[in-house]
Amino acid sequence: MTPAVRTESVPSPADEGDAPCVRVGPSVRMPTSHGMFQLSAFIESRTGVEHLAIHCGDLSVPGVLVRVHSECFTGDIIGSLRCDCGPQLHKALDRIAAEGLGVVIYMRGHEGRGIGLIDKLRAYALQDQGMDTVDANLALGHPVDARRYEAAAAILQHLGARSVRLMSNNPLKLLALREQGLEVVAREPHEAGEHPENAAYLGTKRDRLGHLLGHPVAD
Ligand SMILES: [Zn+2]
């Protein structure tokens, strides 16, 4: 027998009244090595991409800890040292578990800053020939950063998170979420996973993408 499918839909905070931004999927108890979480699934209406929220506690508490994490198969799953994604994901889950309150929004479809896994691997090949991560994306005909955040904002709204502390080193992500109607009251520096293999990559993120790495806290 086919299980019933919930069809509740959520607009993005910035587009209230427009077409629903995400549909609400199942939510299940998720014990992990980091601690006990709830895992909630969402389907982005525009793309059909399935996003996830890993959360615990009452997210309506002001200043709740949030990480909007871009999917990275290589970093998150096989422990790639070419980037810092895996350690950042696990650090976020540890910090939320320690506070007993917060959420990681796991954004599928954000591989390689939104260019997809296959082109991310093509970009890696270009980087092995001497390009940096910015020029590699451009050489493949992509924007430097193709990620969109309407779904993340809609998911946070659905979960009751209105006022958040964002775990991120990327000021542009903070601005993008504010543009989506989210109240970001603070940025929590979130450095993890530095390694000689990713030193050039992190340097490019700092010097060409404005990431706040190795600097004093700016806000
Ligand atoms: Zn990564």
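Any Cβ shown, glycine's included, is placed from N, Cα and C.
Bear in mind that TrEMBL entries carry predicted annotations, made automatically and left uncurated.
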Listed range which TrEMBL flags as region 'Disordered', given the options 1-21, 43-63: 1-21
Closest of Cys83, Asp145, Arg147 to His69 (GTP binding site), Cα positions, recorded positions only: Arg147
Collapsed DSSP category at Arg113 (GTP binding site): helix
Listed recorded positions with Cβ under 6 Å from ligand 1, out of Arg67, Cys85, Arg113, Asp145: Cys85
Chain-mates of Cys72, Cys83, Cys85 with C-beta within 8 Å of site centroid, Zn(2+): Ser70, Thr74, Gly75, Asp76, Ser80, Arg82, Asp84, Gly86, Gln88
For Glu71 (GTP binding site), the one of Cys83, Cys85, Asp145, Arg147 that lies nearest, given that the recorded positions are compared by Cα: Cys85
